[in-house]
Ligand SMILES: [Zn+2]
Ligand SMILES: [Zn+2]
């Protein structure tokens, strides 16, 4: 199997969460060609679950890849750039899928003793596929739940050959944040007859800056970023509506709860002070990725002894990943895989180094073989 070609073909057809129809049929086609009675292929919404029977199974080892792209207009100028205008595999999930297919091929050709299950999970970027997939597994197909589960994410800032992870918290708790303000708009010359939502939104934006600096324990950590702000319609009408869009990230679920409580009480005070209605929508929420200690130590010490692999103990990051729902439910581990690119994740020019594909499936296969 030519994983570089597969990755490039997948790169051309990025689709967003739960719209991965072409991606799903592409994956089914490739897996279909492996034709083996060891394989059980199950569709779940726009994703796939593939079980490969082992020769004398004592447990089930799981691997998860995400499969969705992002609503970003690609600017790489590559010959295999996205053919879906306005969408791009800008988070490397095309690379993740190619690695999973490479691993699957090895598992079919040279079965492990143990059973293996590979999850091709939709909608990692939102609205979140991990949680509903887990609910489905638990209610409909508990036999497909692995005893331990692994996943990687490409890291553009690390060189190819580096794998990095840590026991315990790896990625943060995250929540989207959408705040809508509604008041009485009107003529710019009659401000006394109106409630100006541009002013109310500006005041709220400034007050939100105090949540992390004044309400979160300095020994703990949190981020509250408002990345987008909009208000009003034209220059001479007092704004009737305004909207703030942002994200909250914390290192504990408790800190997430307390930041949200504080945001809510600031919104109530804006309602009171500016005589308006303020509503909050938290959008997609992800649980922290909490690596199981034992798996993280075993993985790092294994990787240390593999030639040409640099195993690094990484720091926790404020990024989010819906793999957190798996780590909450199962012994699970996620790690960064270096993919040296001058541009970061979610950048329109992200171009991961494809050399990663030449050794990662084999590296994973060998690791699983000795587990
Ligand atoms: Zn992403
Ligand atoms: Zn991603």
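Cβ coordinates come from backbone N, Cα and C, glycine included.
What TrEMBL records for 91, 93, 125, 153, 346 is Mn(2+) binding site. Less than 8 angstroms from the CB of residue 91 (Mn(2+) binding site) sit 66, 69, 70, 124, 125, 345, 346, 350, each of them six or more residues away in the same chain. Under the DSSP three-state reduction, residue 91 (Mn(2+) binding site) is assigned to coil, being neither helix nor strand.
Among the features that TrEMBL reports, domain 'Peptidase M20 dimerisation' is placed at 179-273.
For residue 153 (Mn(2+) binding site), the number of other Cβ atoms no farther than 10 Å from its own Cβ, over all displayed protein chains, is 24. Taking the mean position of the Cβ atoms of 91, 93, 125, 153, 346 as the Mn(2+) site, the remaining residues of that chain whose Cβ falls within 8 Å of it are 66, 68, 70, 89, 90, 92, 124, 345. Residue 153 (Mn(2+) binding site) falls within a strand when secondary structure is assigned with DSSP. A simple way to gauge crowding: the CB of residue 125 (Mn(2+) binding site) has 22 other CB atoms within 10 angstroms, across all the protein chains here. Helix first, then strand, then coil: DSSP counts for the domain 'Peptidase M20 dimerisation' (179-273) stand at 43 helix, 28 strand, 24 coil.
Close contacts with ligand 1, defined as a Cβ under 6 Å from any of its atoms, occur at 91, 125 among the binding-site residues 91, 93, 125, 153. Counted within 10 Å of its Cβ, the other Cβ atoms near residue 346 (Mn(2+) binding site) come to 14, all protein chains included.
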